[in-house]
Structure formats: structure tokens, C-alpha cells
Amino acid sequence: MADEPFLSPQSKPEFRHILDDSHHGFYLTIPQSISTPALLQSEIEDHPQIQPPPRFDYPVPSTGSKKPGSLKRCKTAPAMAVMRDLKPKTPQVPKPQSESSSIIRQAVFLLSIYLILGVVIYSFNRDEFSGIETHPVVDALYFCIVTMCTIGYGDIAPLTPATKIFACVFVLVGFGFIDILLSGVVNYVLDLQENMILTGIQMEKSQQGFSARDYIVDVDKGRMRIRLKVGLALGVVVLCIGIGSLILYFVESLDWVDSIYLSVMSVTTVGYGDRAFKTLPGRLFAGVWLLISTLAVARAFLYLAEARVNKRHRRIAKWVLHRDITIEDLLAADINNNGFISKSEYVIYKLKEMGKVREKDILQICNQFSKLDTNNSGKITLPDLLKYQM
């Protein structure tokens, strides 16, 4: 054992010359494998039978290096494909999914319960309600729809204290809860139609240039222009009033003035009570028409309000963007208090001034950044991210 050379498996890897071309000025070395034990120079001298590794020379074409014998570090990227397979110790928070389908199911379910409950209570207490009777079920559905839409014709009204209490609870539930769900359904249908229109226009735009449709649809931002929404809103109002007027004229035998008058009072949920639906076909139509038209018209007026608000926001944003910065603005935008503002500080200050972001939102993002920046270096590196996830 004493005659054996001393091997150092823990020694650092040494560089061996494997390629050398002195004529072309090229010199390449590679590190000795860690798995091969290195021999100390003293051990080689003590044991002449141990020969150093042979040296192989191969002609290698010149790479244009100006400095013969210079070494360049090889910059390689981490194995990101392997890192993607690493599973963090804490599961990721799933992305919130669209609740449109669940809202539709809830709306249909709750509306069914609402109408069934109203029909049952009205059917067993018909004598405690005033008004012209046509059919018990139709009258009950008509009463429930008129109550839920808060129109209040007054042609069917409760008479006893018990039915009055029932009417109070019924209108509060219908106005405060059912209408919210049905409004979600209307928003879902309108958004679905908007996406279908945008998809069709984008497919045509790839084949054509600028067209008249670009004036009403902003393809780059992926949304309809506000002028189109206002036009659709006004069109829905006119359509609902027109359909109601025709049915009232032909079914309820009202003249044109009274038909238009009752139609407008109905879709706007005013309901003076001097005119109402009295026939069986008219009340069947009212059960569907009032439910759709009141919600559609309400959404139309929201589009009109949105147009005015967006116009005001654009005017303020344009003023903020072109306003010259002052000394007070510089002091307010200097987050780091270093006497100057960077590009990111300027962008954040302008966004806050436009009202697009709030101080609360920025603080929440900064707190999340601080959780990832464990060493307080002001930046998130790959080791920090791996340390946080693993």
C-alpha cells in the first residue's frame, strides 16, 4: 500500500490541452474529468512508471481570434425545460374561471323557484287580490313578472295584510336578487354577441384593409367602440317599444297613442296604472316581453351613461398626458427620494394621475414582489424564484 501513488479524488479539475494549432493561432483546453483522479506532480516524479496523459494535436481551423491562447467563457442558459417539471411545494392558485355559465344556471333555477312560489301563493289566495281575472296561472305569472320588474300597474293588487306582507317580501327579493342574476345573463349574452362580431371582423380584416367597420369596431383593442354600443342601445329601446306597441294595438285593442304610451311606461318601469294588460293573450305576452324589455332597456341606459363617463375619462387622460411636469410633480413622483425620477416612476405617477391605478394596487404588487425578493436585492433572480417555490 505504501508503494501505491496517492490519489486525490476530491482535487479540483485541471485543464488539459487537447487542441493546439500554433500556425493558426488557435488554442483550446478542456477540464479534466472529475471522475478521473488527478496525479500530483510530486507523485509522478517519485514514480516514473506513471506517465502523464498523452497529448493529441489536431489541426483546427482558425476562428478569427485575435489573441492566441485566449480563453472565452461559455455562457449557457439553465435547463429551463427541466425546471418547468419541478413541482413547487405549495400549489399554484388556480386562475379564476368565467362565471357566466354558473350565473345562467343560478338565474334559471332561482327564477323558476321565484315564479313557482308566486304562482302557488297567488292561486291559493285569489280572493285576497283585486283585479280582472283571466286564468289563475296566467294571472299569477303576470303578477309575479310585474312585481319583479317593479312596474306596478296596480291592476292586480293585494287586499289583506297577509298578502300585502307577501307582496313586500316578493318585490324586495325580486328587485334586489333576481334582477341582479338576470342582469348577469343579459351581460353574458351581449358579451357573447360582441365576441362573435369581433371574431368575424378580425377574419375579414386579415384579407382586407381598412373598411367602414373599423370606424365602429376597434379590432386592435378587441372591443366595440362606444359609439356602436350607444347605437345598439338606442336600437334596443326602439325595438322593444315598437314590438310592445304593435301587440297592444292588435291584442289589447288600444289606439296607437295609448299603445305607444303604455309601451313606453312599461319598458321604463314607470307604470302609472291607468292602462294595463287585461286579456289572456296580452298577459301571456307581457310575461315574456316585460321580463326581456325592462332588462334590455336598463342595459341600454347603462351604455349611454358609460359613453359619457368614457368621454370624460379620455378628456382627463389626454390632459394629464400632455401636461408639463412641475417641481411638485417631481417631488411627488420621486418614490426613492433620490432627487430624480426614473422612467418607471414617471409611468406610475402618470397612471395614478389618470386614475387607471390606485396606491392600494401598487402597494399590493410591491408586497408580492418583496415576498419573492428574499435577499432584498431589488430584483428577482432564478435562485430566488426556485427558493421561494421549492
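Backbone N, Cα and C define each Cβ position, glycine as well.
Pulled from TrEMBL:
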- 50-72: region 'Disordered' (REGION)
- 103-124: transmembrane segment (TRANSMEM)
- 110-189: domain 'Potassium channel' (DOMAIN)
- 136-153: transmembrane segment (TRANSMEM)
- 165-190: transmembrane segment (TRANSMEM)
- 230-251: transmembrane segment (TRANSMEM)
- 237-306: domain 'Potassium channel' (DOMAIN)
- 284-305: transmembrane segment (TRANSMEM)
- 327-346: domain 'EF-hand' (DOMAIN)
- 369-385: domain 'EF-hand' (DOMAIN)
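Proximity of the transmembrane segment (136-153) to the transmembrane segment (230-251) is not established, fewer than 3 Cβ-Cβ distances being under 8 Å for residue pairs spaced 6 or more apart. Outside the transmembrane segment (284-305), and at least 6 residues removed from its termini, the chain residues within Cβ reach (under 8 Å) are 138, 141-142, 145-146, 148-149, 151, 179, 182-183, 186-187, 190, 226, 229-230, 232-234, 236-237, 240, 243-244, 247, 251, 266-269, 277. Residues in the domain 'Potassium channel' (237-306) partition by DSSP class (helix H, G, I; strand E, B; coil) as 53 helix, 0 strand, 17 coil. This prediction places the mean pLDDT of the domain 'Potassium channel' (237-306) at 90.
According to DSSP, the domain 'EF-hand' (369-385) comprises 8 helix, 0 strand, 9 coil. The DSSP breakdown of the domain 'EF-hand' (327-346) into helical (H, G, I), extended (E, B) and coil residues amounts to 11 helix, 0 strand, 9 coil.
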